[in-house]
Amino acid sequence: MGNKKTTALSGAVLAGVMLALSACGGGGGGATGEVAAPPADPKEVSGEIKVLTQRTDLVQNGTLRRYAAEFNKTYPKVKVTFDGITDYEGEVKIRMNTREYGDVLFIPGAVAKNDYPTFFAPLGTTAELSKYRFSDKTEVDGKVYGIAQFGTANGFVYNKRLWERAGVTAWPKTTEEFLAGLEAVKEKTGATPYYTNFKDGWPLVQWTNNLGVVGCDAQAGNALAGAVSPWKPGSELNATDGLLYEIVKRGLSEKDPTTTNWETSKALLGEGRIATMMLGSWSITQMQDAAKRAGGSADDIGFMPFPVQKDGKHCAALVSDYQQAVSVHSHNKPAARAWVDWFTEKSGFAEKEGVVSAVKSAPMPATLKDFVDNDVTFFDRSEAKTAAVNDIDEAAEIGLNKQDYRQKLIDTARGVAKGSLDDFFADLDKRWDEAAKTAGS
Amino acid sequence: MTQTTDTAPEGPAMTGRSSTDEKTGTGHGRPRPPGRRRGPTTARARSWRDAPLRRITPWLFLAVPLALLITFTYVPVASMISYSFTDWDGVSPRRENVGFDNYVRIFTRPELFRVFFVSGYYLAASVVQIVVALYFAVILSFNLRFRNFFKGILFFPYLINGVAIGFVFLYFFQDGGTLDSVLAWLGVSTDHPWLGDPTSANVSLAGVSVWRFTGLNFVLFLGAIQSIPGELYEAAELDGAGKWKQFRHIIAPSIKPVISLSVILAISGSLSVFEIPYIMTGGATGTQTFVIQTVKLAFQFNKTGLASAAAVVLLLIILLVTWIQRRLVPDDKVDLV
């Protein structure tokens, strides 16, 4: 009997809620344009800043707190708190619809470059920040919005003892030599020559970071901005993805890729049951720890450049990790900026983690000693056109920085997905080129 | 409707509103008699003051669930529908109204609907699931030793968090994992990567889904079966009906509404499978479902507008399928006696 009233009332409530909702929509703008300049006097700058980070491990084991204590020696009046977020990309993206997303944060991949000024305070002009690597990645209209936390070189992390037992002591110079090396590892040691980490997926994304190694070309990333068929024969992606395909096709990767486990894989590489993985140089210290835990030594872990040479020399791409930015809504911008500068330059974080400092003048870390000794050419891959490339990538739904298309590549190589490698590359090219035409506008 | 069906799970669901109204009515009536004893004036004053209160009482009870329902279901759905008409990327403060563009895009890309083939595996699995659940519900409705123990065992998987189940079964299916070891004890040694190719992976995942949801169907069926009065069985037994005939002519007809509910849940569930494949394979190796695809559109490719439209389309498809089903199999009244 009361049913009609019920629906009428709940209808009214619903309508009211929807009205309120549409009023809320639109998101918050902010005072944009104010530069988060470094403070003039470290003793005077004060305030509380919150730093968002994806390194929950460093928050929990107190490492970051120790950095903050060190920071307070120079900046005594600034209080630093950390917020470790496991699903960093997913959560921060949602938080950014509010005004509360910390004072210092890493720029999530989902934020379009043109939106940087609405979310982040500019840190200075391009010229002012030219001492940092990768600053072109966050440059919008001559202003830089983020400073890389650090950079990494890309290559294959490998278990030296296994490769030595297989009779390979010099770095392979061609992909064929590399495949022959894996083949030898398989025959002579019985270890898994290459581990894809297919299930966790993100290690497959590391392959994209090789962009440019074949031609030693710092502009390789920018060259993708347009209908350029990135996987055409002779291209960078054709060479790197082609190598991954061959590794899997020749049975040189793990038996069941669908149930791989990243944490286990570290131990397996340390123990010598996995010979090789494609990763950034950030992984070297972790693998060394794993080797020590397994009773070996840190020297068991080696790092080799991508097996191609240009003019008789290997090349390695340096790519930036997350870029640190200051929120446009921060009330303590000078303090936040002080933290960013201090963490990048003075904290010693990059050396400790064995990664490449974002400061151009800093020396290469000890983990890359082999690269330096063997005259590997490093190049900072330019990120000037990353925004345009990402637009095309998203429109095409390929995901250069996502695992999906490489998982399909591996499935194709294993023969569980239909089609040949050529068809697969042709399809990617077609989608990329079509998307480039529409996304360019 | 007879008393029998009134107590069946479907009964309260259908008549829920009137029965609770009655209950709140009588509930309020009960404290009144002592008040009436004190004197007629107070009684009249009370009832006068009670009237608006009594009218508002059900709403007070409903306030919390309604608030939760509106906040966490209707508001998100309303905003999802509004996003589906925009080109929002999920972060940008700018979003433009693009009208029905997203819907046009979805319906002009047939490959987006190809993932529904994967739902076929889950649909087949839910047939198995309903049959198995019905079988156990019937068996355990008879007097058996340890029946409560078995009931617990069957229902237990449904109580476990879906994410935990995903991880447990990842170990179960991995190379040299639980399944391989058990098979080895039985003398079967396969070198089969269970999640390794599309058919095997989808069958394995659908199997996990059967394991997880059989308990729910089982409890629904068992509840319905237990509400059948015992006299009917006794009478049937006196007439010489065996267990099969009892099932065929007593149990099956009286739980028909619950079965048809289960079928609706099974179909809509198969169309919107998400948790188990997302955690176990992430949609790789041909296990992508429509919901996983939608999540990827929204969170990998930042096409929140398009993904919202895809979600709305899925909602409409499920409503349509349910409607067709209700038209084909009308929910007729059960009359046992």
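Every residue gets a Cβ built from N, Cα and C, even glycine.
Marked as region 'Disordered' by TrEMBL: B:1-46.
Residues or ranges marked as compositional bias 'Basic residues' by TrEMBL: B:29-39.
Residues 24, 95, 97-100, 102-103, 304-305, 308-309, 311-312 of the same chain sit 6 or more residues outside the transmembrane segment (B:59-85) yet have a Cβ under 8 Å from a Cβ within it. Per TrEMBL, transmembrane segment is recorded for B:59-85 (among others).
The domain 'ABC transmembrane type-1' feature in TrEMBL is assigned to B:115-325.
Look at TrEMBL and you will find B:121-142 (among others) tagged as transmembrane segment.
The annotation transmembrane segment is assigned in TrEMBL to B:154-173 (among others). Within the chain carrying the transmembrane segment (B:154-173), a Cβ under 8 angstroms from the stretch's Cβ atoms is held by residues 133, 136, 140, 179, 194-195, 204, 208, 211-216, 218-219, 275-276, 278-280, all 6 or more beyond its ends.
Residues 8-10, 121-122, 124-126, 128-130, 132-134, 136-138, 140-141, 151, 154-160, 162, 165-166, 169, 173, 194-195, 251, 254-255, 257-259, 261-262, 269, 273, 276-277, 280-281, 287 of the same chain lie 6 or more positions beyond the ends of the transmembrane segment (B:203-225) yet place their CB under 8 Å from a CB of it. What TrEMBL lists as transmembrane segment is B:203-225 (among others).
Listed as Cβ neighbours of the transmembrane segment (B:258-280) (distance under 8 Å, sequence separation of 6 or more from its ends, same chain) are residues 8-10, 116, 118-120, 122-123, 125-127, 129-130, 133-134, 162-163, 165-167, 169-170, 173, 195, 205, 208-209, 212-213, 217, 220-221, 223-224, 287-292, 295, 314, 317-318, 321-322, 325, 329, 331. Feature annotation from TrEMBL assigns transmembrane segment to B:258-280 (among others).
For B:305-324 (among others), the entry in TrEMBL reads transmembrane segment.
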